[in-house]
Ligand SMILES: Nc1nc2c(ncn2[C@@H]2O[C@H](COP(=O)(O)OP(=O)(O)OP(=O)(O)O)[C@@H](O)[C@H]2O)c(=O)[nH]1
Ligand SMILES: [Mg+2]
């Protein structure tokens, strides 16, 4: 499936950078082009895989290239003012080649959090291709303003996109490692999951003929229109002597060769992917739709395994809308990606909403009490004023 990537803000830019890096290393061709948008000049300079000719600096007259300092209303304003620059760069892309847009942002800061919904809305207005979002939630210890920004942005962003894929930094923090130093590995993890998913829709990575390749339309139908989604992943190294490229490319049929093993391997990988750490942890029961992708050498891609895994996921989620397919790649690993879309039982989202309501109530109460004390001050002051006459 061919994507145009648009990263906004620091996290958005870095994740897009990681996706482009993954795509270049694997040569899977799912990225048609990538754009980075920011109100901070230094953040744009730090990108390795998005050239200057694909970068847009917004809000220059307002914030002088220094970012919006986690003010997401200002982030939305400066993006809206300069959205024409972003759109004319998108216009330069070969949009006829793409299947969808993916707008990526960290929802806790200012630029990405405020600006991503603005860009998504404009893209949806102009283009007929679906517009998906990738939203990154802040870790719990990043502080109230990040939580509040994320809660607000989540609500707007999800309204403006066809589907919002969510990644929760909090669930992915490693103990003993600061979030800052861990971003590299988090972004690589995210790039791997999205990379396998979207390049699967691109067809064959090995040259071999697949039994039931995942199609871009299956990804699009699973993402559907509206709601949030989460992605699970599991991989296992094949225990067999390293083979030459030629024999890997010519691979045989799994069901004939070692049917039982391949079937069991696939079902257990899919269980691990769906029940292990998701990009956004949630109850998988109640998901509206799902997609299972098995990537690996074609001789171990057992059709029966994928069928069983689909049935298992239907039972676990309670939905009949589970799609599945394979993605043959020349590799010594077999990987399962499970995309669950339309999930609603998400503790973290509920928590963010509750915090946002509480913070807003607090802010209102503080504003009222400071207004009241200002009144007091003024009236006490008045009392103390001695009449001049
Ligand atoms: N996963 C991941 N999260 C990141 C990364 N960089 C920042 N974040 C998260 O993104 C949020 C901060 O958003 P940024 O993208 O830095 O903010 P911004 O959009 O540039 O906005 P301003 O700096 O306020 O102008 C925080 O919740 C961080 O934890 C990254 O490389 N990877
Ligand atoms: Mg920034």
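Glycine is no exception: its Cβ is also placed from the backbone N, Cα and C atoms.
Feature annotations, reproduced from TrEMBL:
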DOMAIN    2-205  domain 'Tubulin/FtsZ GTPase'
BINDING   10, 11, 12, 13, 14, 110, 111, 112, 142, 169, 187  GTP binding site
- If you measure every Cα to Cα pair among 10, 11, 12, 13, 14, 110, 111, 112, 142, 169, 187, the residues listed for GTP, what is the largest value in Å? 20
- Inside 10 Å of the Cβ of residue 12 (GTP binding site), count up the other Cβ atoms and send me the figure. 31
- Take every residue in the domain 'Tubulin/FtsZ GTPase' (2-205), average their pLDDT values, and give the whole-number result. 94
- Message: For a quick check of understanding: among the binding-site residues 10, 111, 187, which residue's Cβ has the most other Cβ atoms within 10 Å?
- Response: 111
- Task: Quick one: give me the count of other CB atoms within 10 A of the CB of residue 142 (GTP binding site).
- Result: 18
- Message: So if I draw a 10 Å sphere around the Cβ of residue 14 (GTP binding site), how many other Cβ atoms end up inside it?
- Response: 24
- Tell me whether residue 111 (GTP binding site) sits in a helix, a strand or coil according to DSSP. helix
